[in-house]
Amino acid sequence: MIHFAKMHGLGNDFMVVDGVTQNVFFSPEQIKRLADRNFGVGFDQLLLVEPPYDPDLDFHYRIFNADGGEVEQCGNGARCFARFVRNKGLTNKHKIKVSTSNGKITLRLERDGNVTVNMGVPVLDPSKIPFNAKRVEKTYLLQTSSSHAMETFLCGAISMGNPHCVLEVEDIEHAEVERIGALLTQNERFPKGVNVGFMQVIDAGHIKLRVYERGAAETLACGTGACAAAAVGQLQGKLNKMVRVDLPGGTLTINWEGEGNPLWMTGPAEHVYDGQIPQ
């Protein structure tokens, strides 16, 4: 049997599996079946804890979307990852260093039960997002065709270990997240697809956000999306260094000292239950 934990970060839910003490492998088809909320465990992403490839690190962190595809980063998942490895006795550290397929991050368990994640330095270089553009801009013009004919969107583009585009909206409640998100997530200017954030600026220290995630549609919360929105808003001169981000599933705090500096995200990580499935 394979033992797992069901966890969530602000309603963004995960199946978390210990690949350190268990020998596990999941095919994309298996992940799709397990992600099904009627016939499987049901989750937005599967998180796999693996031994480190670098002796200076504690673990390797892998993330799989509900469609079975592996992705580079998940901020809400990172907080759950930290809580999981502590709960399962895989480490007794309060500060945990892990690698992902796209870099390294540091996780810190706080006294109040929250987890703070050093999400690394936001990537603005279009070639590294990846995003097809000639140079770095604070705002890009995206054009796309649909049944609504040609549409144009203004967005910020950034990578937090995974690609994001961020659109500002006047009213988050009435934003066309499903339609526009589905339209932009596979836009040809993003060769690896993109997560699409819809940001309403309340004031310089507070935004509301909804995110259409690549491979998972809209989720209750997206940690990297919150980081991307806070960074884009700051670069555009609309937000402070510390920002409260309200998502449908709850609130995150983002702290960024600006270009060239790592971005820090703080929020909860909740354990729901432990389970097991056949090998």
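Heads up, the Cβ atoms here are built off N, Cα and C, so glycines get one too.
The Cβ of Asn65 (substrate binding site) lies under 8 Å from the Cβ of Asp44, Gln45, Val71, Glu213, Arg214, Gly215, Ala216, each on the same chain and at least six residues away in sequence. The substrate binding site feature in Swiss-Prot is assigned to Asn12, Gln45, Asn65, Gly75, Asn76, Asn162, Asn195, Glu213, Arg214, Gly223, Thr224.
Look at Swiss-Prot and you will find Cys74 tagged as active site, proton donor. In sequence order, Asn12, Gln45, Leu47, Ile63, Asn162, Gly223, Thr224 make up the list of same-chain residues 6 or more apart from Cys74 (active site, proton donor) whose Cβ falls under 8 Å from its Cβ.
For Cys222, the entry in Swiss-Prot reads active site, proton acceptor. Taking Cβ-Cβ distances under 8 Å and a sequence gap of 6 or more within the same chain, the neighbours of Cys222 (active site, proton acceptor) are Asn12, Gly75, Asn76, Asn195, Gly197, Leu209, Val211, Glu213, Leu247.
Sequence-distant neighbours of Tyr273 (site 'Important for dimerization') (same chain, 6+ residues apart, CB-CB distance under 8 A): Ala5, Lys6. Swiss-Prot lists Tyr273 with the feature site 'Important for dimerization'.
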Around the Cβ of Asn12 (substrate binding site), the count of other Cβ atoms that are within 10 Å: 29
Output field, substrate shell: CB within 8 Å of site CB centroid, site Asn12, Gln45, Asn65, Gly75, Asn76, Asn162, Asn195, Glu213, Arg214, Gly223, Thr224 dropped: Asp44, Ile63, Val71, Gln73, Cys74, Gly77, Val211, Ala216, Thr219, Cys222, Gly225
Among Asn76, Asn195, Thr224 [binding-site residues], residue with fewest other Cβ within 10 Å: Asn195
